[in-house]
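Accompanying notes for the structure given below.
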Amino acid sequence: MNIVIVGTGYVGLVSGTCFAELGNNVICVDNNKKKIENLKKFIMPIYEPGLDDLMRRNVKERRLSFSSSIKQAVKASDIIFICVGTPSKDNGDADLTYVENVAREIALSMDSYRLIVDKSTVPVETGKWVAHTVKMNLKNRKGIKFDVASCPEFLREGHAIDDFMRPDRIVIGAETKTAVDLLTRLFRPLKTTLVVTDINSAELIKHASNSFLAAKISFINAVSRLCEKVGADVTKVAYGMGLDRRIGRSFLDAGIGYGGSCFPKDVDAFIRIGEKHGCNLSILKEARRINSEQIKVFIRKIEDSLWVVKDKTIGLLGLSFKPGTDDLRNAPSLEIVSALLSEGAKIKAFDPQAMPKARTIMDKSVKFCADAYKAAAGCDCLVIITEWDEFKSMDLTRIKKSMKQPLIIDGRNIFEPRTMEKMGIKYLSMGR
Ligand code: NAD
């Protein structure tokens, strides 16, 4: 099939590359011309494991190409996926400007039937507005037929290709036989459960899923604070809870809370959607409150363990909002760095992938290091922010020897407290 992806970011680039890998002809479009020029030269805008190789192969085999012209791309398409950003407005609403712009541009470029599918995370009833926008902009070509559908994306950065190729389910929100048939045909090779439903339900599935996962993280973080008060171990509590199949173990890792480009904005947007329809999603307001408190709990741990923060050297391990990505959008590291710098700390940092992006947005005084050992050397305290695998296998004896004092504060519970105690390292973690 001929697929056009509009918005070549984390979702668009992964989806486009994977659709090509499944044998479709794909054009990835973006209005960021520099990004498109770079992609044509195989310069990746993001780090995502395996994406570089898969993209190169599909370009070489002529199934995947890049363009900054929606008009040309739409001409060669059967299905157009909207994959642009839906950031938060100041009041928490999703900003749908990019979605509306793309819907308008698609309409102006259409000359015959097209299926327009929204993959961006959007508030319920966006499909209705996309259809309205397309209709209004067809102008004197009113006879041209089109369908709008919703296929929300559930990939996780860091595992995006595997998640796309082996999804738990695919949600198809579509309301005509043509749209359902086209999308069923497109996704059939993925051999997973297809949830075919109306567009509003599909849109709600995405927001409800992300909000539920965010609430699950906040729940275990609230429990972790209780664990600290009574001397219990939250990792044991989570293990015991997670064995119950009704609960499940995933998203029960206590830590410094959720960040990233999705959960914070999607929770905000879902709360606002509820309010607009007279439904108080107060459970999510509490989840959001716990999340913003959790990072402050962590920062306080660092402050209390150093007594005076001013002029102390603090090494940070991990800057991206989670392992496997270089994404720094709403990463907890940003708040931690600015809090510690405002108290006069000297910051050294290492991240396996996110340092090029961090250099462009973090304070110039942050010293970026070539590896974890260099970040730890001479520090009063080493802080683990992102649980990259390589940190789990560090030589802790070497780390201890190189530090001014052996103090590790772990926001992700990657080490065993007893092991650290035996090694003579003062070790503070979350909920243990
Ligand atoms: P992103 O910011 O990485 O990419 C969006 C791209 O759209 C940018 O490259 C931007 O230049 C482009 N764009 C904006 N307006 C355009 C236009 N008019 N024409 C062409 N291109 C345009 O965003 P993302 O992280 O890929 O997220 C996209 C959507 O998918 C969001 O709604 C997000 O919530 C959702 N989502 C993201 C993830 C994730 O892990 N990142 C997972 C699931 C769903």
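Each residue's number is its place along the chain shown, starting with 1.
Cβ atoms are placed via backbone N, Cα and C, with glycine included.
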Phe154, Leu155, Arg156, Glu157, Phe251, Leu252, Asp253, Ala254, Gly255, Gly259, Lys322 bind substrate per TrEMBL; candidate in Lys206, Lys367, Lys374 listed for that same site: Lys206
Additional site residue, Lys216, Lys265, Lys392, Lys400 [criterion: listed by TrEMBL with Asp30, Lys35, Thr86, Thr121, Glu157, Arg329 for NAD(+)]: Lys265
Distance-selected recorded positions near ligand 1 (C-beta under 6 Å), from Asp30, Thr86, Lys206, Cys262, Arg329: Asp30, Thr86, Cys262
10 Å Cα neighbourhood of Gly259 (substrate binding site): matching binding-site residues from Asp30, Lys35, Thr86, Glu157, Arg329: Arg329
DSSP-derived structure type at Gly259 (substrate binding site), helix or strand or else coil: coil
Lys35 (NAD(+) binding site) versus Ala254 (substrate binding site) - Cα distance in angstrom: 37
